[in-house]
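The structure under discussion appears below in the form of structure tokens.
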Amino acid sequence: MAPRIAVMAGGTGGHVFPALAVAHALRARGAEIFWMGTRAGLEARLVPEQGFEIEWLQVQGLRGKGFKTLAMAPWRLTVALREAAEVLRRRAPDLVLGMGGFVSGPGGLMAWRQGRRLVIQEQNSVPGMTNQWLARLADRVFEGFPGSFPPARAAVASGNPVRAEIAALPTPIERWAGRLAEDGHRVRLFVLGGSLGARALNQMVPQALARLPEELRPEVRHQAGERTLELARQAYGDAGVQADIQPFVADMAEAYAWADLMICRAGALTVAEIAAVGVPAIFVPFPYAVDDHQVGNAEYLVRAGAAKLLLESDLSAETLVEPLKMLLTDPAIRLKMAEAARAKAQPSAAARIADACMELVAS
């Protein structure tokens, strides 16, 4: 009989995409998968599209929320715990896998209370509050960045799972062979602000590019986010810089393959995908991330010589144009950084987590 595994992940792509990678690996190993998520998160669309059943919970985050949300928190948490307990009793999974997001809290706690095997994976360099709690209860703990959890948790540094089509891209030297040999090749710059965009990048990147000589300016693709799309278009127009500005990039594998260089935030998934592909990057971490975890995420590749780090508090056209100029003018440095990024990739992360889950079920 096929083992039944519940996957919990919700909210943003940073949780949902790695969880989907593991879910597919588990299904390929013969497991029956169902999902636990919320109707408000990205999982509500992506998970059914990938062919997985989903059970809905009513839960949302608490940190950084207003008084009304906090006042309602005890009631909402009670409802979510009751719903999670009912789903787990009805579906009776052999193992519950938590991949982050607020939905993992009620599901993980109820899995432990019901005596079910529990595995968690933390994507960020600083564990979220939910996973800090669940790590004390879990049978197995995985971390995307080495040293995220204290030694007492005995966490395994699995790396962060990435989508198969991204992991399958050729090496930097294979992707760039023709480009590096071309005379007059315009460097391709991919600016990635996340699905919601990044106002600071939308404003400062075009201003920095405007300070470059015309012959040095790259070909630009910029994911600006739906809400800030028009502001980004205005910023590029005001700066007199041409760019392909999109609200959202659906085919990320194609975009990574296209890029010679990136400017982006430092979400855990973005860092993992940059490493998997091998692309030099300038990271501008989101300054309001909980526990400033994006700085820690970025430093993983910065320490390896694969990326540059520029804090948003220091971001200006002047501070951005200097590292840009260096990377745009020296293909050898770009290639060296790309290969350093690729060397930090963990291409077997999804398989490693899936194998551990299957071993636990069989034990």
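Backbone N, Cα and C define each Cβ position, glycine as well.
Annotations in TrEMBL come from automatic prediction, not curation.
Taken straight from TrEMBL:
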type	residues	note
BINDING	Thr12, Gly13, Gly14, Asn124, Arg163, Ser195, Ala268, Leu269, Thr270, Val271, Ala272, Glu273, Gln294	UDP-N-acetyl-alpha-D-glucosamine binding site
DOMAIN	5-142	domain 'Glycosyltransferase family 28 N-terminal'
DOMAIN	189-352	domain 'Glycosyl transferase family 28 C-terminal'
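Here the features listed in TrEMBL are placed on the structure.
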residue	record	Cβ contacts under 8 Å, 6 or more apart
Gly14	UDP-N-acetyl-alpha-D-glucosamine binding site	Gly100, Gln123, Gly267, Ala268, Leu269, Thr270
Arg163	UDP-N-acetyl-alpha-D-glucosamine binding site	Phe17, Leu20, Ala21, Met252, Ala253, Glu273
Ala272	UDP-N-acetyl-alpha-D-glucosamine binding site	Pro18, Gln123, Gly144, Gly159, Asn160, Pro161, Val162, Ala345, Gln346, Ala349
Gln294	UDP-N-acetyl-alpha-D-glucosamine binding site	Asn124, Arg265, Ala266, Gly267, Phe283, Pro285, Phe286
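Counting every protein chain shown, the number of other Cβ atoms lying within 10 Å of the Cβ of Thr270 (UDP-N-acetyl-alpha-D-glucosamine binding site) is 23. Arg163 (UDP-N-acetyl-alpha-D-glucosamine binding site) falls outside any helix or strand according to DSSP and counts as coil. Of all the binding-site residues listed (Thr12, Ala268), Thr12 has the fewest other CB atoms within 10 A of its CB. The residues of the domain 'Glycosyltransferase family 28 N-terminal' (5-142), classed with DSSP into helix (H, G, I), strand (E, B) and coil, number 64 helix, 27 strand, 47 coil. Mean per-residue pLDDT, taken over the domain 'Glycosyl transferase family 28 C-terminal' (189-352), amounts to 96.
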